[in-house]
Every structure is written in structure tokens, then in C-alpha cells.
């Protein structure tokens, strides 16, 4: 039986749409860690997870595929939803290192679902669901931000520090230039909120950031307690 060439092309396109084309191109990841004291010290406030108050340490926010032109893919594969069974061996580590602070209190599943479905699905061409979360946890082990800052005399005690000193402390410890994101507390003061470092597409090695996000901090940045 002969196959019409146009029919064959259509079948190829359908196959592409269902399997291959969901994998978006990207150039690098942002590995983003957040300071819980700054998340909570806002008008919005926070809620501790059902497992209890997290440690006074930076927690993972996400591992986000990005492009060198500053754009980023998102929600790339609705056919590959978050599956708890895929990360069952990682769950205790994720509760510790990737805690949710959103209200109402949760066990982390909604947070991790959002991160996988919005960002993780766009890295499917390089790492699967288990590999995605494992990569973030491994990066967290390698990058001890709190230790880097405290070693430079930058303490989470409510004092203020310069952006230059904060960036310098992270670069001295990691070898790479970070992007620092600030938010504002209830009084409108700029405070250290998130630290971005860039990672290659394998999700394993730090690289210099090809481009930084938009945003700026005040001249003096508070580092609040938690």
C-alpha cells in the first residue's frame, strides 16, 4: 500500500508535537535560592510548612531554564505532570532543602508541582523529572550561601550591607558572579531575598551568567533574621 507523501509529513508532525517538540531549547539554568527571613518579612508574610519551621538557611526556590537573550520557556509539557512517585527517594531532602513558605501551610507538593510543570518540563531534553530535582539538591550541597556570607562578616541579624560586599562574598566562595534579588520589608527597606547563580544545561556545573534578570537593590541591603 502506497502512502501519500503529504500524509507521511502530517504523521511526522503529529509525532513531533506529541513527543519531541515539547522539549524547548534553552542555554542555561538559573539556580535560585531564597532567604526565608526575607520571604516572611513582608506585608504578605508566610506560613511554615506542615513539617515545621525550616532551618535558618537559604532554601531552593528553583532551577529555571533560560536563554541567552533573556527570555525563558515555561509550561513546556502538559503531558508530563509532577509525579510524587518519581521523587520518593528525594522527598525528605526536598522537605529540608526546598521547603514551601506559601500560605496556607503545605507539605511542599504544590510548590514542587509548580516548579516542575512551569520550569522542569522545559529541561526534558536534558534531564528527566527525578534528575531535575536531584540536580537542584546536588547544587544546594555544593553551594553553601549562608557560610559564604557569614565568612565575609555578613550575618542574618537585621544589619545592612552593601550589594558589592554581598556579591563579592558569594563570588569569592563559588568562583562565579551572582545576581542578587531584593524585596522590601513591611517598612519599605530593601532586603536580601534571592541569590541567582548560573548552571550549564546538564544541571551540574556552575558557569558565568550569560545574562542577568532585571531588578535592582537599594544602596544598603538588610539581611533579616529568621
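Every residue number used here counts from 1 along the chain in the order it is shown.
The backbone N, Cα and C atoms fix where each Cβ goes, and this holds for glycine too.
Annotated active site per TrEMBL: 61 (among others), in sequence order. In this view, residue 61 (active site) is surrounded by 22 other Cβ atoms within 10 Å of its Cβ, with every protein chain counted.
Marked as active site by TrEMBL: 115 (among others). Within 10 Å of the Cβ of residue 115 (active site) there are 21 other Cβ atoms, across all protein chains.
In sequence order, 62, 63, 64, 65, 74 make up the list of same-chain residues 6 or more apart from residue 119 (active site) whose Cβ falls under 8 Å from its Cβ. Residues annotated as active site in TrEMBL: 119 (among others).
Look at TrEMBL and you will find 1-23 tagged as signal peptide.
Cα-Cα distance from residue 61 (active site) to residue 115 (active site): 8 Å (rounded to the nearest whole number).
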